[in-house]
Amino acid sequence: MAKDIKFSADARSAMVRGVDILADTVKVTLGPKGRNVVLEKSFGSPLITNDGVTIAKEIELEDHFENMGAKLVSEVASKTNDIAGDGTTTATVLTQAIVREGIKNVTAGANPIGIRRGIEAAVATAVSALKETAIPVSNKEAIAQVAAVSSRSEKVGEYISEAMEKVGNDGVITIEESKGMETELDVVEGMQFDRGYLSQYMVTDSEKMVADLDNPYILITDKKISNIQEILPLLESILKTNRPLLIIADDVDGEALPTLVLNKIRGTFNVVAVKAPGFGDRRKAMLEDIAILTGGTVITEDLGLELKDATIEALGQASKVTVDKDSTVIVEGAGNPEAIANRVAVIKSQIESATSEFDKEKLQERLAKLSGGVAVIKVGAATETELKEMKLRIEDALNATRAAVEEGIVSGGGTAFVSVLDAVSGIELTGDEATGRNIVLRALEEPVRQIALNAGFEGSIVIDRLKNSEAGAGFNAATGEWVNMIEAGIIDPVKVTRSALQNAASVASLILTTEAVVANQPEPASPAPAMDPSMMGGMM
């Protein structure tokens with residue numbers, strides 16, 4: 001395929017046009033008074049959203065060179081979303097500001113490499129200053145504040161803070177669609193896995209079709225149990241204690257399953273059997289998790305253990321187990337807290353080194369199950385369009401809250417960027433590097449300027465007053481008042497703020513140092529096929 005190539009100023013100006021088109025579309029959503037953008041979908045109703053990364057991903061431009069510029073900014077939004085889960089619109093605004101100021105200077109004859117070094121030095125200083133001013137987030141009220149600011153809903157803030165309190169900061173919090181119109185929170189405490197009872201005759205509550213086991217022993221094995229004789233000595237030992245038994249095995253079939261069911265029906269023995277969760281190596285890891293949580297041992301040939309030799313000491317224990325046809329929940333396992341903490345630490349290190357998103361997600365699920373439970377926020381809305389928009393907002397809020405817990409918070413509304421201006425301007429640089437620093441100084445004002453503009457105020461006036469205000473003061477764009485941002489609950493996570501700046505500077509620097517752009521030439525349209533003369537008989 002033939003290529004179309006542009007060089008130097010032509011290349012950069014074409015890409016900048018794409019940057020501006022995407023950024024101008026996204027930045028109208030910034031702040032509490034940000035507007036919505038309507039996205040056409042190939043089927044179904046249009047999506048109305050103010051989520052920066054969702055909008056950025058939808059933009060595709062006809063001109064190949066402009067499209068490359070737009071896609072680079074979209075990459076900034078996506079990367080910021082991946083790292084911090086929020087701040088995508090801020091990152092887009094910062095990218096446009098750095099590119100716009102940078103291009104002016106490069107066109108005027110400045111060296112792009114020198115400008116890039118200045119930008120990098122300024123951003124490193126700004127990030128250090130942001131981290132120094134960070135306020136730790138630890139209590140429920142602060143978590144609710146962060147979530148409420150991100151989602152623009154105090155109710156959502158309450159749900160997220162309550163969920164994090166119940167399942168821990170590392171716990172799994174999922175967002176699902178509710179069957180009703182109300183948004184609600186559902187918390188499953190303890191370890192849950194998606195395996196139900198192997199026979200409905202094992203239930204203890206025939207109305208709800210669930211099996212409740214109080215203070216049970218738990219047999220954990222990766223073997224298939226087909227012969228009841230293999231576990232008969234163990235069953236006799238448990239029978240003497242008059243406690244129920246949960247069997248977690250690869251499978252229970254042959255004569256073993258009907259024998260267990262028969263004893264359950266007769267009231268001789270309260271037992272429930274379920275299949276082990278997961279597959280392959282993941283199954284082994286999950287069985288080990290269950291064993292550590294309950295203080296038991298996995299009966300496996302890998303450890304040289306046989307079912308026939310298993311004793312009551314090898315069994316796990318829990319205060320309660322609930323099993324329905326689809327899932328099993330183990331509450332308050334009797335495992336050693338130190339062993340559980342060590343296992344959690346191992347899984348955390350595996351998450352950090354995982355390269356696959358799928359592996360990372362599965363490891364986080366295991367971590368949550370060991371840490372204390374799963375919370376589900378069920379989103380309700382009057383229409384499908386509203387439901388989609390609400391889900392996106394809650395996802396952003398959840399990510400922002402986790403980021404805040406991780407690295408702390410700073411004052412919101414873009415004021416944190418303005419607060420580091422003195423630190424950045426204090427860097428001693430010369431020549432083009434000083435120009436790079438000045439570009440960042442101008443860009444750091446842009447989020448506040450855009451938030452004010454979206455709320456119907458003059459951005460330059462807000463910036464001037466902010467620079468002359470005392471530390472902590474800022475402009476509340478929602479009300480048009482000047483307030484102490486932290487006290488007013490207008491806050492941003494440090495991780496979101498610094499990720500937006502770092503990613504914006506990285507991609508903007510690449511655009512400024514671009515000297516050639518290579519694009520595919522559009523293929524000419526195929527000519528229409530000639531009409532067959534034999535089909536023109538009636539026209540002569």
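Keep in mind that glycine also has a Cβ here, set from the backbone N, Cα and C atoms.
Of the listed candidates (GLY157, GLY413, GLY426), Swiss-Prot assigns GLY413 to the same ATP site as THR29, LEU30, GLY31, PRO32, ASP86, GLY87, THR88, THR89, THR90, ASN476, ALA477, ALA478, ASP492. Overall, the recorded ATP-binding residues THR29, LEU30, GLY31, PRO32, ASP86, GLY87, THR88, THR89, THR90, GLY413, ASN476, ALA477, ALA478, ASP492 cover a maximum inter-Cα distance of 20 Å. Least packed by the Cβ count within 10 Å, out of the binding-site residues THR29, THR88, THR90, ASN476, is ASN476. For the recorded site, ASP86 (ATP binding site), the DSSP three-state label reads coil. Secondary structure from DSSP puts THR29 (ATP binding site) in a helix.
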